[in-house]
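Asker: As annotated in Swiss-Prot:
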| type | residues | note |
| --- | --- | --- |
| DOMAIN | 40-224 | domain 'EngB-type G' |
| BINDING | 48-55, 75-79, 102-105, 169-172, 203-205 | GTP binding site |
| BINDING | SER55, THR77 | Mg(2+) binding site |
Amino acid sequence: MTTGADAATERQDKPGGKLFIRPWIFIRGVPAMKFLPPEGPPEVAFAGRSNVGKSSLINGLVGRKGLARTSNTPGRTQELNYFVPEGYSGEAGDLPPMALVDMPGYGFAKAPKAQVDAWTKLVFDYLRGRVTLKRVYLLIDARHGIKKIDEEVMDLLDSAAVSYQIVLTKADKIKSPAVTKLVAETGQKIVKRPAAFPEVIATSSEKGEGLEELRAAIVHAVTAG
């Protein structure tokens, strides 16, 4: 049987391993821009439609079930949730090597319109104005593909010159040949987008597929000049 320590050791030996070998913790939820942690360490953010599987993907990346709260209710994540390697507070003078940011889902939420509008403003302000944001991982449900609202978010990222990469989630829910075709089709859809990273990554949080590739991509994003 593989233990958590065994899995961590195995991750350490892979391209994305060293940043993910240490346990990760939640440090704060950010309901408004004024509550953001000090700028300094590089950040990568996870964006996508509500219920696309952001929290499950983050849990899979760091190998810790339940770190990012998952829910069957779309729109449950209402803040920018910050996660860092254990041993850092995220405060000035005790900054981590990097941070993962789980963003509120867009496109649907079981909440009053005013609240949804506030989340939307927070997300857009963060994407446009966070200097330490190195890359956004835009999550797309493999069963549904890119929707109009995803294209609107890509338009925003392109106009703000924020680097982003498409990550297909729940790839285990469709057949393998369909995944290969979807990766190719998605790559073609973003080829002319100026801020889009050309490589599309297919993942399954449930099966662990594509997670090591995504870890390596994150490490490259935060360490490349």
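Even glycines carry a Cβ here, placed using N, Cα and C.
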Asker: Out of ASN51, SER55, THR203, which of the binding-site residues has the smallest number of neighbouring Cβ atoms within 10 Å?
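Answerer: Across ASN51, SER55, THR203, these binding-site residues, the one with fewest Cβ atoms within 10 Å is ASN51.
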Asker: Where does GLY48 (GTP binding site) sit in DSSP terms: helix, strand, or coil?
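Answerer: GLY48 (GTP binding site) sits in a strand per DSSP.
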Asker: Using the structure shown, find which entry in LYS54, LYS170 (the binding-site residues) has the sparsest Cβ neighbourhood within 10 Å.
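Answerer: The binding-site residues LYS54, LYS170 were compared, and LYS170 has the fewest Cβ atoms within 10 Å.
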Asker: Rounded to the nearest Å, what's the C-alpha distance separating SER55 (Mg(2+) binding site) and GLY48 (GTP binding site)? Just drop the number here, would you?
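Answerer: About 11 Å separates the two Cα atoms.
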Asker: Please classify the secondary structure at PRO104 (GTP binding site) using three-state DSSP.
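Answerer: SS state of PRO104 (GTP binding site) = coil.
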Asker: Pick the one among the binding-site residues GLY48, GLU79, PRO104 whose Cβ has the fewest other Cβ atoms within 10 Å in this structure.
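Answerer: Counting other Cβ atoms within 10 Å of each of the binding-site residues GLY48, GLU79, PRO104 gives the minimum at GLU79.
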